[in-house]
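K.L.:
Pulled these from TrEMBL:
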- GLY109, LEU134, GLY135, ASP136, TYR137, VAL138, LEU139: S-adenosyl-L-methionine binding site (BINDING)
- 1-225: domain 'tRNA methyltransferase TRMD/TRM10-type' (DOMAIN)
Amino acid sequence: MRIDVLTIFPEFFQVLDVSLLGKARQAALVDTHVHDLRDWTHDVHGTVDDAPFGGGAGMVMKADVWGAALDDVLQPGAHLVIPSPAGTRFTQGQAAELATESQLVFACGRYEGIDARVAQHYAKAGFSVSEVSLGDYVLNGGEVAAFAMIEAITRLIPGFMGNAQSIVEESHSDGLLEYPSYTRPASWRGLDVPEVLLSGHHAKIAQWRHDQQLARTRERRPDLLG
Ligand code: 6GU
């Protein structure tokens with residue numbers, strides 16, 4: 001998979017080289033390219049934004065600058081991802097879908113977002129375009145959100161994780177939160193590991209874990225149970 005990131009803060013993505021993502025890069029599973037949006041400006045100030053039509057607070061990122069950049073970076077069949085607090089909610093299911101794409105292009109907007117015609121234009125031109133939000137809170141820009149999405153997506157690329165079972169068992173892959181985990185010592189500061197986990201009885205352990213998943217989800221995320 002090829003991943004391109006367009007941002008006015010390319011330094012932010014230096015962290016892509018470390019952590020788990022660095023491993024995927026070394027294994028040649030992902031080929032990441034970070035671009036400075038200002039490379040596509042033509043004025044001496046490198047202007048990327050302007051005042052909103054209709055008035056109001058903040059600045060809007062200019063369609064002409066984004067258009068020039070995306071025309072250069074989008075390859076045929078690319079999926080354009082625009083992080084935005086006004087987008088649809090990013091989920092584990094969407095991460096799994098995006099993990100199968102040949103090219104993902106993240107357009108990181110700042111300020112009050114990107115001129116709405118940019119998403120419109122590339123959808124009309126035949127690209128898949130997703131405006132996605134991490135959750136119901138506001139970040140300063142799309143960079144942190146893009147980074148989180150890139151991590152969620154790339155770890156699902158086949159061959160990325162050492163232990164495929166740990167992906168199957170983790171939170172959200174079955175619509176439930178993960179069960180609690182423990183390791184030695186069996187007793188710590190007066191707190192004992194649930195006895196069933198020490199029993200060696202695999203069916204009972206599986207049943208206990210499933211019950212814990214349901215109880216946790218009911219308590220912490222009842223919205224997931226519908
Ligand atoms: Cl994707 N962008 C911004 N700016 N804020 C957010 C977000 C995205 N998701 C949650 N908050």
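Using N, Cα and C of the backbone, Cβ positions are placed for all residues, glycine too.
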K.L.:
Given the binding-site residues LEU134, VAL138, LEU139, and counting only Cβ atoms in the protein chains shown, which has the most within 10 Å of its Cβ?
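P.N.:
For the binding-site residues LEU134, VAL138, LEU139, the Cβ with the most other Cβ atoms within 10 Å is LEU134.
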K.L.:
GLY109, GLY135: which of these binding-site residues has the highest Cβ count within 10 Å of its own Cβ?
P.N.:
GLY109
K.L.:
What number of additional C-beta atoms lies within 10 angstroms of the C-beta atom of TYR137 (S-adenosyl-L-methionine binding site)?
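P.N.:
The Cβ of TYR137 (S-adenosyl-L-methionine binding site) has 7 Cβ neighbours within 10 Å.
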K.L.:
Among the binding-site residues LEU134, GLY135, ASP136, TYR137, VAL138, LEU139, name every one whose Cβ is found under 6 angstroms from ligand 1, counting any of its atoms.
P.N.:
LEU134, GLY135, TYR137, VAL138, LEU139
K.L.:
Which of the three DSSP states, helix, strand or coil, fits TYR137 (S-adenosyl-L-methionine binding site)?
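P.N.:
Coil, per DSSP.
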K.L.:
Just to be sure I understand the packing, how many Cβ atoms besides its own are within 10 Å of the Cβ of ASP136 (S-adenosyl-L-methionine binding site)?
P.N.:
7
